[in-house]
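Input: a single structure, listed below in structure tokens.
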Amino acid sequence: MGVTKEGVEETLKAKLTPTHLVVIDTSGGCGASFDIEIASSNFEGKRLLERHRLVNAALAEELKDIHALSIRKALTPKQWEEQHPAPENLATA
Amino acid sequence: AAALTPELRESVEKFVKGHKVVLFMKGTKLFPQCGFSNTVVQILNNLSVPYETVNILEDDGLRQGLKAYSNWPTFPQLYIDGEFFGGCDITLEAFQSGQLKEVVEKAMCS
């Protein structure tokens, strides 16, 4: 049984209740490979290493079959908003 | 399940504490066999820091044991001053922010 993008998304949603989540399937035929961008309040007050550990722990089962995993961004909801202002904010800037 | 015997734990600990910068990777620094491992090799080369590499593809016992030792499921794994620093994404981000250079320089002086 392989790991799907949907499976990764569901697991992360269930375990880390992200306010923002993008999972990109980057497998080029060599097996399950994903890029992840995630914002979750679970990351508050945690260093990057600890944040990645949370993601890795959430995906412990999937990681047995995942060939490559890249956690591109692990942000708090506040950090995410700072980096991605809503369109109306851009318009008034 | 990852098998981290007391003997293996001791020898890993001795090795990472015996060298300032250690990279457990797929392949060698001259011939990385995975893009993620290659990224970290290029970063360390760029910093002009002396470092040791260990090819985990040659020893499955070590490969499984290290995952348990660092509580990190993937490779490469970078150790600085005896401590696990992170995988490819963390190393790349720390390199780009200048933090990696600081940590490495601090390790070299310690």
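Any Cβ shown, glycine's included, is placed from N, Cα and C.
The domain 'Glutaredoxin' annotation in TrEMBL covers B:21-84. Sequence annotations record features per position, and here TrEMBL assigns glutathione binding site to B:LYS26, B:ARG63, B:PHE75, B:CYS88, B:ASP89. The annotation [2Fe-2S] cluster binding site is assigned in TrEMBL to B:CYS34.
Where TrEMBL records a feature, it is marked here on the structure.
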{"residue": "B:LYS26", "record": "glutathione binding site", "DSSP class": "coil"}
{"residue": "B:CYS34", "record": "[2Fe-2S] cluster binding site", "DSSP class": "coil"}
{"residue": "B:ARG63", "record": "glutathione binding site", "DSSP class": "helix"}
{"residue": "B:PHE75", "record": "glutathione binding site", "DSSP class": "coil"}
{"residue": "B:CYS88", "record": "glutathione binding site", "DSSP class": "helix"}
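Chain A comes within the C-beta cut-off of under 8 angstroms for the following of the binding-site residues B:LYS26, B:ARG63, B:PHE75, B:CYS88, B:ASP89: B:CYS88, B:ASP89. Largest Cα-to-Cα span within the glutathione-binding set B:LYS26, B:ARG63, B:PHE75, B:CYS88, B:ASP89: 19 Å. Here the CA atom of B:CYS34 ([2Fe-2S] cluster binding site) lies 15 Å from the CA atom of B:ARG63 (glutathione binding site). Long-range Cβ proximity for B:CYS88 (glutathione binding site), meaning a same-chain Cβ under 8 A and a gap of 6 or more residues, is found for B:PHE36, B:SER37, B:THR39, B:VAL40, B:PRO76.
Rounded to a whole number, the C-alpha distance linking B:PHE75 (glutathione binding site) with the residue listed as '[2Fe-2S] cluster binding site' is 9 angstrom. Of the recorded residues, B:CYS34 ([2Fe-2S] cluster binding site) and B:LYS26 (glutathione binding site) place their C-alpha atoms 6 Å from one another. Looking at the domain 'Glutaredoxin' (B:21-84) alone, the prediction's average pLDDT is 96.
For B:CYS34 ([2Fe-2S] cluster binding site), the count of additional Cβ atoms within 10 Å of its Cβ stands at 17 [all protein chains shown].
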